């Protein structure tokens, strides 16, 4: 009865259960015989109509639930923006929180969720999740490259003054001319979507507590493919160029080892360590110590008392570590939401696409130039192309990919898993890119540029995400 939905039609009441046509007399005890007969006659006359009307209520609830969650995120951004304007949040806060999420919360989230989903749902078909993540990044990467080349733009960005007028290139510094031609922001914005904080918030608002926890595990497993790419390739897009270059002009075993070790150090970082640790814990026998309810790895009932005490102590120690990791990882969505709000909150009151204030850049003397006279924004056509790729192109591409994988039997027919993958594909650009810009001072001029893009993209996502989640529910809610 909890899932029963009643629809009021002229002259009678039609009782609907999503996907199931029930005999009305089952739910009409206590009514008069005439009313019962009328209901039976009406439903039996339109069995197809009742089946088609069945999904209306769930889809409406999905749309309203997603819209409410999206609006709550917008409210957080407004609140944080007000705190920044009133100086209750200092300018150093986003950079500090970026370090916290990069080095602590994201690795702990990946350790706890990846190890759990791999240990408890050991299915080879789950490997399709990281593969889909890699294909999504590759699709966005290629679309970003194609947009820049098809538009035949010399510069990806343009300098404007405080009134929105384009500044002459003669007044632009040599260093900023190179930034104007840099397409790294375009590629990264198209390739990498928000695959952690926003999907977790959306899924938690739509699913029950148990299903939401399962979906969070699928999100973490999805990030086994996406997170290493984001924090390696994506991070390198914004990394300052090193002056030291390893030369292989005279090849030798030592120089080759140095070359390989050089790139390993540049690629490996805390989130990738977290992913690898989670895989090792979940895919090896030590998972029985971290998750003893998974089953018995050792039969200790006939062992000596000392061995049983040692085993119980080891299980307690491993569980304590995993609970601590889960506790720290649970702050990931909160901290990243605050970072996102710090990036776009102060810009919410700015309605002009190219409106902006002069930013500060460090000069060779170590002082800050506060009167630069211009700021850098994305070219208008590239700006909207990025938004269309993220909010329309990527979800369509992943939708067809998921349909194909289900048809070929390469993706489990798990409604929560499929819905999670599709919801992640509909997310806007990753806010972690703002973290990377904060971690690399040489990209300081791009911080405000990226924040302006996030402002418009996340504002439009308030509309696109409810539409996509409703469409995904309509397509995959039925067996």
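Keep in mind that glycine also has a Cβ here, set from the backbone N, Cα and C atoms.
Whatever TrEMBL says is automated annotation, not expert-curated.
According to TrEMBL, the protein carries these features:
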type	residues	note
TRANSMEM	124-143	transmembrane segment
TRANSMEM	185-207	transmembrane segment
TRANSMEM	219-238	transmembrane segment
TRANSMEM	270-291	transmembrane segment
TRANSMEM	327-348	transmembrane segment
TRANSMEM	382-402	transmembrane segment
TRANSMEM	414-435	transmembrane segment
TRANSMEM	455-476	transmembrane segment
Give me the stretch from 124-143, 185-207, 327-348, 382-402, 455-476 with the greatest number of Cβ pairs under 8 Å to the transmembrane segment (219-238). 124-143
For the transmembrane segment (414-435), what are the same-chain contacts with Cβ under 8 Å, counting residues 6+ beyond its ends? 94, 98, 101-102, 126, 129, 132, 136, 185, 188-190, 192-199, 202-203, 207, 211, 214-215, 218-219, 222, 230-231, 234, 238, 336, 339-340, 343, 386, 390-391, 394-395, 397-399, 402, 406, 447, 450-451, 453-454, 457-458, 460-461, 464-465, 468-469, 472-473, 476-477
Give me the stretch from 185-207, 382-402, 455-476 with the greatest number of Cβ pairs under 8 Å to the transmembrane segment (327-348). 185-207
Who are the long-range neighbours of the transmembrane segment (382-402) in its own chain, taking Cβ under 8 Å and residues 6 or more past its ends? 132, 135-136, 139-140, 143-144, 147-148, 151, 153, 156, 186, 189-190, 193, 353, 411, 418, 421-422, 425-429, 453, 456-457, 460-461, 464, 468, 472, 475
